[in-house]
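Structure, as structure tokens:
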Amino acid sequence: MRSHYNIDLGISHVGQSVKLCGWVNSYRDHGGVIFIDLRDRSGIIQLVCDPNDSKEAHEIASNARNEFVLIAEGTIRPRGEGLVNPKLKTGEIEVVVSKLTIENESIVPPFAIADESVNEELRLKYRFLDLRNPKLYENFALRSKACIAARNSLANMGFLEVETPILTKATPEGARDYLVPSRVHQGEFYALPQSPQLFKQLLMCSGFDRYFQIAKCFRDEDLRADRQPEFTQIDVEMSFCEKKDVINVAETFLKDIFKACGKEIQTPFRQMQYKDAMENYGSDKPDLRFDLKFIDVIDIFAKSNNEIFANIAKDTKKNRIKAIRVPKGDTIFSKRQMQRFEEFVRKFGAEGLAFIQVKEDGLKGPLCKFFSEEDLNELSKRCKLEVGDVVFFGAGAKKTVLDYMGRFRIFLANELNLIDPNALEFLWVVDFPMFEQNDDGSYSAMHHPFTMPKNIDENDLEEISSIAYDVVLNGVELGGGSIRIHKNDIQQKVFKLLNIDEEQQKEKFGFLLDALSFGAPPHGGIAIGLDRLIMLVTGANSIREVIAFPKTQRAQCLMTEAPSPASNEAMRELGIKLRENIK
């Protein structure tokens with residue numbers, strides 16, 4: 001129906017006849033000549049409807065309004081002197097219309113398509129209108145390129161694309177499952193997969209050797225800016241591999257994805273042990289676009305005559321005292337800002353925020369009186385302090401201190417404008433603990449219980465490490481993976497350490513244990529969150545900007561009004577009766 005997309009046209013097409021299709025983005029009547037900005041998925045081009053060129057087209061144009069669907073035929077000409085629009089990629093040209101057709105009309109839209117001030121709820125209610133915005137379209141054009149690049153890259157490395165089931169069995173993977181009642185087997189439920197984890201391991205047991213899938217996953221969890229109840233991941237598994245092999249494959253397809261999106265990245269990515277990431281940055285996904293690395297000063301504080309700090313410093317296993325040096329911070333931060341910093345860390349469990357300022361005549365601040373001159377000199381040397389600097393200290397329980405100082409590090413970086421929004425800093429975080437302790441004292445798998453432990457015979461669960469790895473970009477976890485357990489006895493031992501008894505093992509994971517008993521190969525893999533990846537590539541503020549029809553933070557679709565009540569007939573067929581007064 002059309003001869004070109006708008007964006008395909010430029011000054012080299014002057015004199016050509018074209019046929020264009022799209023929507024009225026804006027409409028202006030200038031003394032009898034009507035100008036229409038015609039929008040298609042690629043962008044905007046200006047139509048000129050002059051009665052001297054075509055009375056019929058001019059008359060039809062006079063009836064057009066915003067969001068009407070038009071088909072326009074005409075000739076490309078250059079814009080007049082001083083009329084070039086540098087904001088448009090087609091700003092050097094316009095189309096003199098000889099024939100115009102209104103294919104469909106539109107009622108008055110609830111908002112202007114390009115209006116960025118419209119609240120998100122209204123945009124999501126009318127998502128089909130919101131998606132007409134060329135800026136959003138560009139997000140999905142990049143997403144499409146990324147998916148094609150991932151498929152091509154993995155296929156070139158010998159991976160086979162295989163689809164795994166959506167209706168499956170509930171397995172504990174860290175979040176709540178979405179359950180689907182069975183009509184045929186009343187009282188029983190399918191679960192929507194949180195990941196294809198077990199199925200891809202079974203494919204390795206089947207001898208498929210190299211698998212991938214761009215997979216839909218579902219998790220019933222509380223939502224944040226970077227979470228959705230349904231999301232997409234680039235899922236990869238391979239046999240007869242070590243950690244370095246999986247990392248090499250992941251770096252290869254990530255490099256190809258970024259190249260397809262117009263960005264060059266350098267490989268290999270740097271690597272950092274989990275322990276070092278936590279101790280130096282207070283996060284297992286540190287943002288390395290800026291420094292502000294922690295400095296360990298617990299040994300110096302152990303010599304202070306402040307009872308609180310001295311007691312904290314006695315137990316170096318359970319407690320931490322960390323410093324963050326801000327060069328020239330004393331010349332930058334006002335007294336009010338220093339108060340704001342303390343208010344910030346208190347929100348995350350800090351008792352306060354101690355600091356020392358570096359003046360021309362030495363170190364100053366309430367802390368200084370608790371240290372000898374020798375200890376202050378050692379502190380100054382350890383922190384590499386210079387005149388004008390300020391150094392902040394966090395002290396207390398290990399988990400609390402690392403958490404709030406990690407958050408404070410990012411807060412400071414934003415305050416100081418240290419983050420380059422165009423930088424791409426990749427990092428592998430490796431050697432994660434196998435288990436983590438919950439608030440109730442019990443233990444759970446830090447990644448998942450199918451991860452291969454390094455030292456399974458260690459008596460202290462907190463000392464058992466795993467062959468697990470996460471890939472981080474600019475402080476955001478893009479994805480993670482591990483070498484898997486491929487031996488039945490090791491898998492059963494991990495289950496027992498997690499207090500999953502033999503009966504539960506058979507009920508929940510019997511099929512996996514069976515598969516591991518029939519000569520399962522060594523295998524491992526990784527999953528990359530596609531939505532997060534595209535969010536970072538496009539610079540979108542929210543993951544909802546890169547998902548065509550996203551849910552709200554209350555897991556609702558405002559457009560379709562899902563979820564919604566089921567009919568009484570459907571409930572009867574499923575054998576389900578709801579309790580009254582459900583809230």
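Every residue, even glycine, has its Cβ placed from backbone N, Cα and C.
What Swiss-Prot lists as site 'Important for tRNA non-discrimination' is His30, Gly82, and the listing cites sequence analysis. The L-aspartate binding site feature in Swiss-Prot is assigned to Glu173, Arg219, His447, Arg484. Annotated region 'Aspartate' per Swiss-Prot: 197-200, in sequence order, evidence recorded as sequence analysis. According to Swiss-Prot, the ATP binding site annotation covers Arg219, Asp220, Glu221, Gln228, Glu477, Gly529, Leu530, Asp531, Arg532, on the basis of sequence analysis.
Feature map: Swiss-Prot annotations on the structure.
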residue	record	contacts (Cβ under 8 Å, 6+ apart)
His30	site 'Important for tRNA non-discrimination'	none
Gly82	site 'Important for tRNA non-discrimination'	none
Arg219	L-aspartate binding site	Ala175, Arg176, Asp177, Tyr178, Gln194, Arg227, Pro229, Phe231
Glu221	ATP binding site	Ala175, Arg176, Arg227, Pro229
His447	L-aspartate binding site	Phe432, Ser466, Ala468, Gly480, Ser482
Glu477	ATP binding site	Asp284, Lys285, Asp470, Val471, Gly529, Arg532
Arg484	L-aspartate binding site	Gln201, Met204, Phe450, Thr451, Met452, His523, Gly524, Gly525
Leu530	ATP binding site	Arg143, Ala146, Cys147, Ile214, Phe231, Thr232, Gln233, Ile234
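Counted with DSSP, the region 'Aspartate' (197-200) comes out as 4 helix, 0 strand, 0 coil. In the three-state DSSP scheme, Leu530 (ATP binding site) falls into the helix class. Around the Cβ of Arg532 (ATP binding site), 21 further Cβ atoms fall within 10 Å across all displayed protein chains. Averaged over the region 'Aspartate' (197-200), the predicted model reaches a pLDDT of 97. Reduced to three states, the DSSP call for Gly82 (site 'Important for tRNA non-discrimination') is coil.
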